[in-house]
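To start, the structure under review is shown below, and the notes come after it.
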Amino acid sequence: MLETNNHTNAWQGFKTGRWNKNIDVREFIQLNYSLYEGDDEFLEGPTKATETLWDQVMQLSKEERERGGMWDMDTKVASTITSHDAGYLDKDLEKVVGVQTEKPFKRSMQPFGGIRMAKAACEAYGYELDPETEKIFTEYRKTHNQGVFDAYSREMLNCRKAGIITGLPDAYGRGRIIGDYRRVALYGVDFLMEQKLKDFNTMSTEMSEDVIRLREELSEQYRSLQDLKELGQKYGFDISRPATNFKEAVQWLYLAYLAAIKEQNGAAMSLGRTSTFLDIYAERDLQNGDITEQEVQEIIDHFIMKLRIVKFARTPEYNELFSGDPTWVTESIGGVGIDGRPMVTKNSFRFLHSLDNLGPAPEPNLTVLWSTRLPENFKIYCAKMSIKTSSIQYENDDLMRESYGDDYGIACCVSAMKIGKQMQFFGARANLAKALLYAINGGKDEKSGKQVGPSYEGIKSDVLDYDEVFERYEKMMDWLAGVYINSLNIIHYMHDKYSYERLEMALHDTEIIRTMATGIAGLSVAADSLSAIKYAQVKPIRNEEGLVTDFEIEGDFPKYGNNDSRVDEIAVDLVERFMTKLRSHKTYRNSEHTMSVLTITSNVVYGKKTGNTPDGRKAGEPFAPGANPMHGRDQKGALSSLSSVAKIPYDCCKDGISNTFSIVPKSLGKEEVDQNKNLTSMLDGYAMQHGHHLNINVFNRETLIDAMEHPEEYPQLTIRVSGYAVNFIKLTREQQLDVISRTFHESM
């Protein structure tokens, strides 16, 4: 048992229980955290060292922009946990150290997901991949991407090309796995290795395929922990043992996360739920007089600074889907325990306070687990920081706690999972709007004219009949669900085989829950289109080949986003219906089906891939992001828009329901105190309506227009998009225009 070793002084002053005999971080937190219900008066400003380091980061960021988005990159060394020497911003000033290569801002080369992707990322920025490295990963070491395309069917390839399924993680790391990085700080690496060895030695001796695979995975996990210790040694730390103070706890935890991002470039490399855990160490050191509040904030600021400069080399195609260089270093803050105690600590404030000390930023993806039972002072502080920075997203803890307990985190944007006990197979999105066009055209693509879906006679009537359209739409969704799940099964089989997340999984229990995280795009377009067909008169317009390529609408129809049950119920039905169809298909590793209504910035790409739709949206125009109403159609004010989105049922969308909400400051009130109060009331109301997620932007449209014209004046302008935050000036002009075209609510 761990308590018999020589490191018990690391836990001096902590309340003990099961956690000091077996891995149980949740119990450690519940026994030892200190609820804070006070205000923000205790917070400290940035130290001189913090300001100096942040100036250095801003200078490097400026140089990166001037170099076309890439400061430097490795073109020869495949990144692993131990591949590069230690790197620093300023070793004498940094309180938390460690970067992905030997230099900050130098991006690593990660070929295990796909050598073609790695090569394309190099060439996109004027670099050349080392020929010997390319040869190794082409001729001798197969990659995830190669494996997937070896197994894809022609039907899957056609769907991918047409964009009825797109954004699939078949050419990039899947991500969305959260290692329990807290375990390294609490237990030290040696104990974690002992536990993995114990699990390996007590496994079934009946060598089925599942057992053999798990034995190999455990061996890889064990080796990754050895590498993690070596990484610690490179920076002068012995992380084989538990952390003994707050500074070590932050450093140990960060090194574990650093190891993960050195080894994987997943689309979302989320951090978990660390602030309350780390606060336990801070409170102990403060009580003992070993540290000051200013020193605690400085360490947090330096930790946040490191999370802000996480970088991966991406291809232009990837950047179209996930624009603005996001990494989704998502940190989940707050929430309420299953015993009813809020889990807000002083560290909850300190993490958000970094937005003052360092200025606004998109990373880490600061996510407040909102509950109506959070302390009022914390609610007000969150509202104040949202209005000031537009850098925070909110997710309904009262909704998620029922399914995930009180030690879950958010992966990527809106996907809840129990930390260290659950992972997901990320599945991008199926295009429900395009599927509706396939139903009308008998499986033919409205843009290319090719037969992509199942072949049957297209609709021939001069006016679309709702019942006829829906009957065919249902069949098309049946087909789409099948090809979608089967594509994901191939992708995740190959990812486990060729690009396994061994370190992240080493920081999980050996027996875990897996989910198959599907998603849908174009929900509001599909719902409004069906509403138009049902309540107005929609005439299809055909080209010379008889393909429906446009629509003429006579009359008005209910539009999603106005709290009108006639169309909102269509949206709800689509979500429930498609989820039922997905569940009818077997998943890889018996993972549980989940679904998201989330698009990231790929709503622009989906729009490009989709022709004219029966709701009046023109070919190529962006979809609304996530579960949002289409731009400008939610005309009855903020609360009606929120009410429509809140109707989407979380029970069949447990991978998350993203809602991005923009409001002008004056609509929240004239005075700051009124604005803060009104925003907290709005969040409480949305939570009570069972709304899941809310990105909040508070600014005027004119600010964004000026930033487009004068980007140099807005280096830290941060906005929330579908599920994450981004530096506005890093978006493409097309995506900037899409953001500006969205609804800015001027009334509640």
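Just so it is clear, glycine is given a Cβ too, placed from its N, Cα and C backbone atoms.
Listed in sequence order, Gly175, Arg176, Ala267, Ala268, Ser270, Trp328, Thr330, Phe426, Gly723, Tyr724 are the same-chain residues six or more apart from Cys412 (active site, S-acetylcysteine intermediate) with CB atoms under 8 A from its CB. Annotation source Swiss-Prot lists active site, S-acetylcysteine intermediate at Cys412.
Among the features that Swiss-Prot reports, active site, cysteine radical intermediate is placed at Cys413. In sequence order, Ala268, Trp328, Thr330, Asn365, Gln393, Leu598, Ile600, Gly656, Ser658, His693, Ser722, Gly723, Tyr724 constitute the residues six or more apart from Cys413 (active site, cysteine radical intermediate) in its chain with CB-CB distances below 8 Å.
Across the residues of the domain 'PFL' (5-618), the predicted structure has a mean pLDDT of 97. Per Swiss-Prot, domain 'PFL' is recorded for 5-618.
Applying DSSP to the domain 'Glycine radical' (625-748) sorts its residues as follows: 57 helix, 21 strand, 46 coil. The domain 'Glycine radical' annotation in Swiss-Prot covers 625-748 and rests on sequence analysis.
According to Swiss-Prot, the feature glycine radical maps to Gly723, an assignment based on sequence analysis.
In this view, Gly723 (glycine radical) is surrounded by 31 other Cβ atoms within 10 Å of its Cβ, with every protein chain counted.
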